[in-house]
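Peer 1: Here you go, one structure.
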Amino acid sequence: MNQRFIVENQKNIKVLQVFSQNTFYDSFEKKIGFFEYFFVLVLIFYAGYSNTFVREAASIKGNFIGYVIPVGLSVVLAIKWKIWPDKRFYFLILGLAIYFLAISLKYSQIRITIFLDYFTLFVIVYVCYKVLKFNFLRIYEYWLFYLAIVGLIFWSIQFGLGGDSLFSIFSKIPGVNSFSFVSGGGLNAIVYSVQPFDYNLRNNLGSGIPRNCGYAWEPGAFAVYLSLAIFINLFITKTDKNSNTRLWVLLAALFTTQSTTGFAMLLIILLHYYYNNNVKIILMVFPVVLIGAYLILSLPFMADKIVELSDDSTNMEMTILRSINSEEQIHPQRFESFMIAFEDFKKNPMLGIMGGGPEASWTAKIGANISVISGIGNLLAQSGLAGFVFFILLTIKSSFFLSEHYKYRGKFLLFFLILFISISYSILLLPLISCFWMFGNFESQRRYKTNNKIVLFNKSANL
């Protein structure tokens, strides 16, 4: 009888071992339904930043209804899943409170909206992780796959019709002009954004091939989100039988964005992917990858774009002078934006200028109307070393956490990807991106180190 029990128990363990290899399919996945998928989709569209509704919802001072939607969904999820704050969340809020007190004392004013904006951000991220955990990554890739299909369909129509044909069709949608916030004066119809043909010619350096914006405000941002989905596909959901189909769709959509940031992130992902499949193969593949990277960068629109970006970094003074007393806000390129923001950091290295409001920036003091797009530059300028160190440590922790849990080489892979995003775009503090770089903050890594043994969790763990 005991022998039979041992045999049966060994069989059960084998089943559990196979089941645990695909860890994003957890034992409580049956509880994840439409509402959880919809929650992630809302975060994705808010990260698209392509219309005034979501842009003005970034702060409680803006679009209050838009601001409340993701917060309200988080509260509903927390109630449904019976999620309560734990000590890690309390420590996070305590740190926020200390920082808020410090900047309030420094600038002799209390900006309660700063505390509320960050508090709600942390609530959204905390609930997202506690409810979905690794399922968040799977659901994210699921939605990006379908949004990539939609983007490819609209991009094909745009390319096939040529010129401003699709742009003209979009312009006939009632209220679309005041609703849209797409670079180059483009238009947004929720699931797809289209830029004017002449803007494409100017910024794509004479190429008549349109760039795929997807649901985002510009092609590069869409490329960033696609790259994160490709990372998940190759390292997280790789055992899924449909993963190859999704991968090719994501790659096709990424290529149509013609984004330098997207291609750079893809190169990092592929190098890590080949390294994980065979340590020796990297020596053979690396020259091929270098040649491929050279060919991509040698494409007319890519090579000229890189030269254009490097030239922008030398024109900071001219840009600032041009923006003084200008009614239209100027958005410098990434390198120029970083240098502008870095000046604020040098003058306020510890706590940044967040507590002083927009008028605390050195550009605002001279009357320049500039919006800095550099994510890492904005982080340094706004929150100083306090915010920068917090971001770096949590991103590294999350990167290590995923690498150890999914057992792939390259502990800094996620960190490198987030770093590339932070260089190009000021979207680090959007809830969707924060869910990535704060992923490992709300769970003990020891909980997942099973040493090839099965660890069973009780029902209250929501795993």
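Just so you know, glycine gets a Cβ as well, placed from its N, Cα and C.
TrEMBL annotations: computationally assigned, not manually curated.
Sequence annotations record features per position, and here TrEMBL assigns transmembrane segment to 34-52, 64-83, 89-107, 114-132, 144-163, 215-236, 248-275, 281-303, 379-400, 412-439.
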Peer 1: Go through the chain and flag residues at least 6 beyond the ends of the transmembrane segment (215-236) whose CB is under 8 A from any CB in it; none is fine as an answer.
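Peer 2: Apart from its flanks, the transmembrane segment (215-236) reaches 24, 44-45, 47-50, 134, 137-138, 140-141, 144-145, 147-148, 150-151, 181-184, 186, 188, 190-193, 195, 243, 246-247, 250-251, 253-254, 257-263, 265-266, 269, 272-273, 276, 402, 406, 408, 413-414, 417, 420-421, 424-425, 427, 436.
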Peer 1: Residue list, the transmembrane segment (412-439) vs rest of chain: Cβ under 8 Å, 6 or more residues beyond ends.
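Peer 2: For the transmembrane segment (412-439), the far contacts come to 43-44, 46-47, 49, 58, 70, 121, 124-125, 128-129, 136, 140, 220-221, 224, 227-228, 231, 235, 261, 264-265, 268-269, 272, 334, 338, 372-379, 391, 394-396, 398-399, 401-403.
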Peer 1: Which bits of the chain, at least 6 residues beyond where the transmembrane segment (64-83) starts or stops, bring a Cβ under 8 A of a Cβ in it?
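Peer 2: For the transmembrane segment (64-83), the list is 31, 35-36, 38-39, 42-43, 46, 53-54, 56-58, 120, 123-124, 126-128, 130-131, 431, 462.
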Peer 1: Would the transmembrane segment (34-52) count as touching the transmembrane segment (114-132), i.e. at least 3 C-beta pairs under 8 angstroms with sequence separation of 6+?
Peer 2: yes
Peer 1: Please work out whether the transmembrane segment (248-275) lies in contact with the transmembrane segment (379-400), by counting C-beta pairs under 8 angstroms that are 6 or more apart in sequence and asking whether there are at least 3.
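Peer 2: Between the transmembrane segment (379-400) and the transmembrane segment (248-275), which are separate recorded stretches, there is no contact, as judged by 3 or more close Cβ pairs.
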